[in-house]
Amino acid sequence: MFITLEGPEGAGKSTNRDYLAARLREQGLDVVLTREPGGTPLAEKVRELLLAPSDEVMAADTELLLVFAARAQHLAQVIRPALARGAVVLCDRFTDATYAYQGGGRGLSVERIAALEQFVQGELRPDLTLVFDLPVEVGLARAAARGRLDRFEQEGQAFFEAVRQAYLQRARREPQRYDLLDAAQPLEAVQRAIDALLPGILERCRG
């Protein structure tokens, strides 16, 4: 089963990915934790290019192509092999993030992203996507509290409002794949919401 965790900056995706992994492992499941961009040594180098602040402005198309280049490597080396052996893959961001950040935030066309998605992924799509939603100002405050901001975190409020709306639109359009969680709540409340989803996730994993 392929589960992705999505959401804007400061939504707690990594923390909750680790929590969900622990809960699934308690049930004896083989769980692979990974992230995007990244997940392999080569893809992590691409991640550094994407996130590191630079004096050179990165063109939006360059950003998009780098994201999918890293994804192609990640799929080949980690995600597809893990799914083939029957593992549960938990990935912090995947292609929904591309539609949200490069589509919503950068304004690139959905058609262009979809063409690359088909080329790189074929028919592979997540089985379940958890979207951790919260107001932009809350997420940015959390990101700032972590320390130095990366290249994306330095974007303004309007960028992240567009990112958030893109996520919400995708979740509304395909409710059978997405579960929307209120990430503005205290962590314990978010994790109780994850616990409520566990029976359904376990049933699908074992189905």
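Glycine too: its Cβ is placed from the backbone N, Cα and C atoms.
The ATP binding site annotation in Swiss-Prot covers GLY7, PRO8, GLU9, GLY10, ALA11, GLY12, LYS13, SER14.
Counting other C-beta atoms within 10 Å of each candidate's C-beta, the binding-site residues PRO8, SER14 are led by PRO8. When other Cβ atoms within 10 Å of the Cβ of GLU9 (ATP binding site) are tallied across all protein chains shown, the result is 22. Sitting within 8 Å of the Cβ centre of GLY7, PRO8, GLU9, GLY10, ALA11, GLY12, LYS13, SER14, and not among those site residues for ATP, are the Cβ atoms of PHE132, LEU134, GLY139, ARG142, ALA183. The Cβ of LYS13 (ATP binding site) lies under 8 Å from the Cβ of LEU5, GLU6, GLY7, ASP92, ARG93, PHE132, each of these being in the same chain and 6 or more residues away along the sequence. Counting neighbouring Cβ atoms within 10 Å of each of the binding-site residues (GLY7, GLY12), the lowest count belongs to GLY12. Take the CB of ALA11 (ATP binding site) and look out to 10 A: across all protein chains shown you find 25 other CB atoms. Counting every protein chain shown, 24 other Cβ atoms lie within 10 Å of the Cβ of GLY10 (ATP binding site). Secondary structure from DSSP puts SER14 (ATP binding site) in a helix.
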